[in-house]
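What follows is a short report on a single structure.
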Amino acid sequence: MDTQQQQSAIKGAKVLMVGAGGIGCELLKTLALSGFEDIHIIDMDTIEVSNLNRQFLFRRSHVGQSKAKVARDAVLRFRPHISIRSYHANVKNPEFDVDFFKQFDVILNGLDNLDARRHVNRLCLAADVPLVESGTTGFLGQVTVHVKGKTECYECQTKPAPKTYPVCTITSTPTKFVHCIVWAKELLFAKLFGDKNQDNDLNVRSNNSASSSKETEDVFERAEDEDIEQYGRKIYDHVFGSNIEAALSNEETWKNRRRPRPIYSKDVLPESLIQQNGGSQNCSVADDDSTVSAMPSLGLKNPQELWGLTQNSLVFIEALKLFFAKRKKEIGHLTFDKDDQLAVEFVTAAANIRAESFGIPLHSLFEAKGIAGNIVHAVATTNAIIAGLIVIEAIKVLKKDADKYRMTYCLEHPSRKMLLMPVEPFEPNPSCYVCSKTPLVLEINTQKSKLRDVVDKIVKAKLGMNLPLIMHGASLLYEVGDDLDDIMVANYNANLEKSLSELPSPVINGSSLTVEDLQQELSCKINVKHREEFDEEKEPEGMVLSGWTQAPATNGESASTSNNENVSDVTESSSGPEIASKKRSFSETQPENHKKEAENIESEDEDLMEIENPMIVSKKKKRVE
Amino acid sequence: MDGEELTEQETALYDRQIRVWGAGAQRRLSKSHVLVSGIKGTVAEFCKNIVLAGVGSVTLLDDRFVTSEAFNANFLILPDENAYVGKTVAEVCCDSLKEFNPMVHVSVEKGDLSTLGVEFFNKFDVVIIGYSSRATKKAVNETCRKLTKRVAFYTVDCRGSCGEIFVDLQNYKYAKKNPDETVECELTFSSFEEAVSVPWKPIPRRTAKLYFATRVIELFEETEGRKPGECSVSDLPSVLKLKKELCEGNSVSENHIPDSLLERLVSSNSEFPPACAIIGGILGQEVIKAISGKGEPLKNFFYFDAEDGKGVIEDISKA
């Protein structure tokens, strides 16, 4: 390689790094050592203790500070004469527009979520700036190069949708621990501590549900003067006892299934809980919400320890009491957060009690937290390797060495003797709706579905648009932006609640919609096809978007080299935006990734992996059953 | 296996990696002692990786005084003259590494690898020899093999954008995870001397050219009395001549080792930092595997070349 030419290409380059986490720290270090002198870095996150095992530019004293800024300062210590500019911000912010992206020679992604990756991909396409994309999970990782017109874009191949569960598996017939976690987190926790107005499938629908629904509603209401422990026991008995009994009355359900065992608090816990060690009153020193814990007062220390039914029941009651005693103000608007100790304790306990009831093996708090929080396995070595590979590709991009671009997989077990396997990149997919202008087809019931459904489930969730605008011919149906006047906003809001065929410019079979995102400079056409009926289990959204064709499977040599069963495409965190639209299914919270080799090559960094209560976010209209 | 539990602090800090290799492996890591010599770019990367992983101790051996040459690819040395003047590379790197993880004991030993005795090496579970001569690698490897306890022995080199890792785990048992069960496997490794003395003729043709090229350079440096890595493009004619002799002696064709590869190796007098990150990362991963006894270890050479981007394992053992 011509080192002289290479060095001057590196010196003169202006690069943007998106993400200063696990990959980002390694990448910034390697870029600086390699001679890059003008580096910009964006990250919205702040530093947490669990980052320190691999994000080596950060110290314990930095916890709480901006990752981008601390990373910059740390690298300037060993390379003081280069320029690094940090932005503590979300890459989706409007200031990072196409013009902003255009100033760079290459964009380097070290991101942790599908949403931001797609956003950056679109801006790179619009600004015509090459993108080097990356991801790791455990010992697996990959680096890909996306150059407009030369290689496929990040969205040329559809990303596998996250695994989802039928509602009844979660509400009535769990068979795995993850089902219990989803139930505890997205139903019970949300019901007790989240927004009361949201739909919730917590109560089983037994044969006589119509009559009992009224009274079960009241179970969750706590009277002002009701004793918290009594209230906790009432909830306990309802969800683990009578709800299970009600479900058992549905004989049909249990014909070929193991029958669950109802559990009542009086069978597990003493009549009245005597507070040990002073009880909940003084168990937490600080009033910092994230440190309130039920464990110390119960003498529980080790998060890896397996609790029995009694211990889980004690944690359940204690955690619930602490929420009311210490965090009353938050009740009504809490969502599960893996860094919220008390929430993790409550969800662990509830999931374990339910698991016990259904004969499913119990799990430790450590394991339950991983499942509930969608925590991605992460180690420093893989990130270091991937960062090295990113820099190698970035240099090729700067030298415009298009023939040498490679996507590289980092494997846990060698494949054809290789631990690092380079593969020729794919060509752009001619039917990609992002980088080519192929129209999409939307099958929908134009008389029943509202414009809001299209915006939420298709435009935002599926197409990943940030600031969308929808047009039908010359008629503007919907847009988002700061510069809209009140009348327009009122109009758009009115449109949202109308069915497609009732819109001022009716959208019917054969209509063609133009959907644009001005920030991403992405525009696509959607041809509408009216359809009367949809299968509730298979097509839970009540509409079907097609045109997401896969890239051709064969592509010369690259196909043969990538035809390896160990390797799949870049997949994404299970919190991809697709989830938000799942109407009657739950997202899987735990990709059992490092067991299934490379099936789920994920993004490094756990921190944005939260599932935002998918089924609760979506406005759900239940049909009469 | 060992009853001691991880502390609350360890569980919080190592949370994400415990989810990869388990609490048992983390405990074994925290009780292991690693000796590292020759701290240039790739080894600096390796040190960072195992300090972050949380080994019990890391002992650094590198008596070179810090010069501007030492900065290359080594982010453990801050370019502040006040901080490094009069200090050895090991001392300066030790200060930086301590900051990465206060739970790991990082220290410095002085001395020449080839003169340190058996009892010195007995203190370690893992020995890493970076950028050393062929003679030193052989000598230390033999010393480690004489110990009653098993020491995991590694050598690592990086020239320009190419690198080599050699692994000797002697007789090594490990747990291999199959879809349904975990089975115990056993491997027998060759010593460095044995592995580099294997006749070339029977080695499959598709074997990484870097294996042969590195042997040529190694021998050249030894016969010319050069320090490891101390070659330049002016040495190319002599190196090519040596290559010819070696190929003839091994009854293989001269095309076995491309001249262009040898040219790249002799003319790169500094490490390519991305290659350091990659090779140091692979080495870190292998050491973690060897300590934890989890996962199939690399046997017994690893090569990376940024030119083609391949990271290849070669098993070249005595017959």
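A Cβ is built for glycine as well, from the same backbone N, Cα and C atoms used for every other residue.
Source: prediction; values computed, not measured.
Features reported for this protein in TrEMBL:
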BINDING   A:19-24, A:Asp43, A:51-54, A:Lys67, A:112-117  ATP binding site
COMPBIAS  A:200-213  compositional bias 'Polar residues'
COMPBIAS  A:547-576  compositional bias 'Polar residues'
COMPBIAS  A:600-610  compositional bias 'Acidic residues'
DOMAIN    A:5-433  domain 'THIF-type NAD/FAD binding fold'
DOMAIN    A:326-369  domain 'Ubiquitin-activating enzyme SCCH'
DOMAIN    A:442-534  domain 'Ubiquitin/SUMO-activating enzyme ubiquitin-like'
REGION    A:200-223  region 'Disordered'
REGION    A:531-625  region 'Disordered'
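Beyond its flanks by at least six residues, the domain 'Ubiquitin-activating enzyme SCCH' (A:326-369) meets 48, 174-177, 179-181, 183-186, 188-190, 192-196, 236, 239-240, 244, 258, 260-263, 284, 287, 289-295, 303-309, 312-313, 315-316, 319-320, 375, 606, 610, 612-613 of its own chain at Cβ-Cβ distances under 8 Å. Around the Cβ of A:Asp112 (ATP binding site), the number of neighbouring Cβ atoms within 10 Å comes to 28. Other Cβ atoms within 10 Å of the Cβ of A:Gly22 (ATP binding site), summed over all protein chains shown, number 31.
If you draw a 10 Å sphere around the CB of A:Asp43 (ATP binding site), it holds 26 other CB atoms from the protein chains shown.
Mean model confidence of the domain 'THIF-type NAD/FAD binding fold' (A:5-433) amounts to 88 (pLDDT, 0 to 100 scale). With a threshold of 8 Å between Cβ atoms, the binding-site residues A:Gly19, A:Asp43, A:Asn53, A:Asp112, A:Asp115 that neighbour chain B are A:Asn53. DSSP labels the residues of the domain 'Ubiquitin-activating enzyme SCCH' (A:326-369) in these numbers: 26 helix, 0 strand, 18 coil.
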